[in-house]
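Below is one structure, written out as structure tokens, with a few remarks after it.
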Amino acid sequence: MDLNKKRWLILIASCLINLCIGSLYAWSVFASPMASYLSALTGNEISSLAIVFTLANAVGPITMIGGGLLIKKIGSKRVIICGGLLFGMGMIATGFVTSEAMLLITYGLGVGLGVGMVYGCTITNTIKFFPDKKGLIGGIATASYGISSVIIPILANWLMNFMDVTSCFKTVGCVMLLIICISSMVIQDCPPDYLPNGYQGNQSQAGKSVNYTWQQMLHTPVFYVMLCMLCVGAFSGLMIISLASPLARRIIEISAAEAAAVVSMIALFNTAGRVICGYLSDRFGILSTIRMVFTGSILGLILLYFSSPDTAFMFYLGVSIVGFMFGSIMGIYPGFTASQFGSANNGVNYGIMFIGFAAAGYFGPTIMSALYNLTGQDTPAILTAAALNILGLLLSGIYKKLNQQHA
């Protein structure tokens, strides 16, 4: 098949794979039944398993980087299969756990490491096939991962009407593993220097040294600016998304069921932001789009700051904007990293860049919880997030200046 046509098939296969590994975010559905199951099995009261999800997210960059290094040795297809096996077997093994420690190993490490290996490979390999649409394709590929947080919990809840939580893990693991392995058969590595028909390359980068190794990338000041921009850009979204339900109940005083709907609404805007701003970054430039993201996040946080039970619409609008802007930064960054440092080593380079996201994933929810426990209010955390987005705007100016000096 002509590569100009097959690249779209590779995109579809990558999106299916990302949809599967995105089931990591169904953890909120599994957590309570699993805690009850382990409590009954061990005789020890287990009230929270949040550490399991935290670990699964924290270890992702390890295999994103490792998988990126392996791509050149064994190819993208084999890396995805290896990661898929780690993910699928981790899910299946979770159905056999008898303690919290085992759960940390099977889900926290197995599933988390598998997701990192697969996600880093599908995103960076797909972008290589679309040098003419880096932002849009990065947005679509990451959106398929993001929309999983809406689809998979619904399916998991439905399954648990017919089976217990351990059987559900086994079933989901088997199905996801099968889909990943079948879809991976379509995947192939992008040939070096591939350009689609009619595309002559980015003329603005003519003469500019690209395709940095990860060692070379780490020696550039602009890398650290980009890393910090990703961290502060993801901070607001991860802070709000991780605590959206209790936040909604506290600020606008709605029921648990209504708060759950807020979580789904944020996920939809998160997904939309990945695709829309990915396209906008191709159309109007990456830096302009990122500045729009920081500005939009500030606006959304201001709306949250002034929200109350009497102005619930401000809350809904605010969290929707924050969710949209979070999705935007996640959709833009794979292509942003490739544009800045070249596509050849983007598997490793983006894995290292993703450390900024992992840091935001830890500090966002942690700071919000700590400030709420300290003050009894959510507004200090909201103001902190807004201040970080202002910092993001300043960092974008530093990025522009560094790039002009390097040009």
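Keep in mind that glycine also has a Cβ here, set from the backbone N, Cα and C atoms.
Listed in TrEMBL for this protein:
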DOMAIN    6-404  domain 'Major facilitator superfamily (MFS) profile'
TRANSMEM  7-28  transmembrane segment
TRANSMEM  48-71  transmembrane segment
TRANSMEM  78-98  transmembrane segment
TRANSMEM  104-123  transmembrane segment
TRANSMEM  135-156  transmembrane segment
TRANSMEM  168-187  transmembrane segment
TRANSMEM  222-245  transmembrane segment
TRANSMEM  251-272  transmembrane segment
TRANSMEM  284-307  transmembrane segment
TRANSMEM  313-336  transmembrane segment
TRANSMEM  348-368  transmembrane segment
TRANSMEM  380-399  transmembrane segment
Segment proximity, the transmembrane segment (313-336) to the transmembrane segment (251-272), 3 or more C-beta pairs under 8 Å
yes
Could you pull the average pLDDT for the domain 'Major facilitator superfamily (MFS) profile' (6-404)?
90
Long-range neighbours of the transmembrane segment (348-368), counting only residues six or more past its ends (CB under 8 A)
54, 57-58, 60-61, 64-69, 116, 120, 123-124, 212-214, 217-218, 223, 226-239, 242-243, 330, 333-334, 337-338, 341-342, 378, 381, 384-385
